[in-house]
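S.K.: Before I ask anything, here is the structure I am working with.
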């Protein structure tokens, strides 16, 4: 594990910083939305716009990576995100719900970029290290679970507007990510340049390996987004749990998303990718059932913990199965359609 290239460790730390944005917005997006929106039914709209923005940004982001390389896009998106966080701060101070939703929508491009870190890690290692590299990078999410929620509570009351100080701390994370990614070596240095045409896309997506990989990751993400997005408002606003209780449940959830990555290579070796993904589906079903039946603190915790675990099995399984469906010169177009389907 320690013999992995430095790219993998750079990407893992960078993912922690990038994903802090996702955790942060999941935590405070609905709460800020509840404050700014004229109708409380629109509270979770800012979080929903991030998902839409992510889906619409995937193809352009990956297209830019195919043209200019991953490193230039990673660095540019750090600067882009700092600008968008500043716009979010302005929207809170000016009490503009529409502007806050717009800035949240635009931050979807940051999430789309972050989701390419796992492929950048795969491209940086030999085939026998790919599962381990993916797991190590995704472990950055454990740190994000702590950072994203802690800066939300730490900076909430620093300034007149709620969470303005928190957004400033979030912007500093992307200053740090920019400096860190300067040391990332683009995968083009690890692979010879090849013809970018490849097979027709329809031929690739008809393969069983692509269908299973995309279906697994999509199922995990859709179910997780549905339950996870509603949880902060459901807990804090509707059921009256404290911000600390809500933070604890979300931190536990994100840890459950990524901590199993420490054991993923062993699980894959023992069960195989297919059985691991089937187990992930079963775990998600149990999670949704708990969420439907009870709204106690323990039920929230168990539901979100199982939600994270089920997502992990499906997402890592799908990510590691996907490269079996494409050749090196087809990677960008296949990765773009895969992530578009997921989000």
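Any Cβ shown, glycine's included, is placed from N, Cα and C.
So TrEMBL says this about it:
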TRANSMEM  7-32  transmembrane segment
TRANSMEM  44-66  transmembrane segment
TRANSMEM  73-91  transmembrane segment
TRANSMEM  97-115  transmembrane segment
TRANSMEM  127-147  transmembrane segment
TRANSMEM  167-187  transmembrane segment
TRANSMEM  208-228  transmembrane segment
TRANSMEM  248-268  transmembrane segment
TRANSMEM  275-294  transmembrane segment
TRANSMEM  300-322  transmembrane segment
S.K.: Under 8 Å, at least three CB pairs between the transmembrane segment (97-115) and the transmembrane segment (300-322) (pairs 6 or more apart)?
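M.R.: Result for the transmembrane segment (97-115) with the transmembrane segment (300-322) is no.
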S.K.: Verify whether three or more Cβ pairs under 8 angstroms connect the transmembrane segment (300-322) with the transmembrane segment (127-147), leaving out any pair fewer than 6 apart in sequence.
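M.R.: Between the transmembrane segment (300-322) and the transmembrane segment (127-147), which are separate recorded stretches, there is contact, as judged by 3 or more close Cβ pairs.
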S.K.: Counting CB pairs under 8 Å, which listed stretch among 7-32, 73-91, 208-228, 248-268, 275-294 touches the transmembrane segment (44-66) the most?
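M.R.: By the under-8 Å Cβ criterion, the transmembrane segment (44-66) pairs most with 7-32.
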S.K.: So if I exclude everything within five residues of the ends of the transmembrane segment (208-228), which remaining residues of that chain have a CB under 8 angstroms from its CBs? That is, six or more out.
M.R.: 26, 51, 250, 253, 257, 274, 277, 280-281, 284, 287-288, 291, 303-304, 307-308, 310-311, 313-315, 317-319, 321-322, 324-326, 334, 337-338, 341-343
S.K.: Other than its close neighbours in sequence, what residues sit by the transmembrane segment (248-268), given a CB gap under 8 Å and a spacing of at least six beyond its ends?
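M.R.: Those are 23, 26-27, 131-132, 134-136, 138-142, 144-146, 148-149, 224, 228, 231-232, 235, 276, 297, 300-301, 304-309, 311-313, 316-317, 320, in sequence order.
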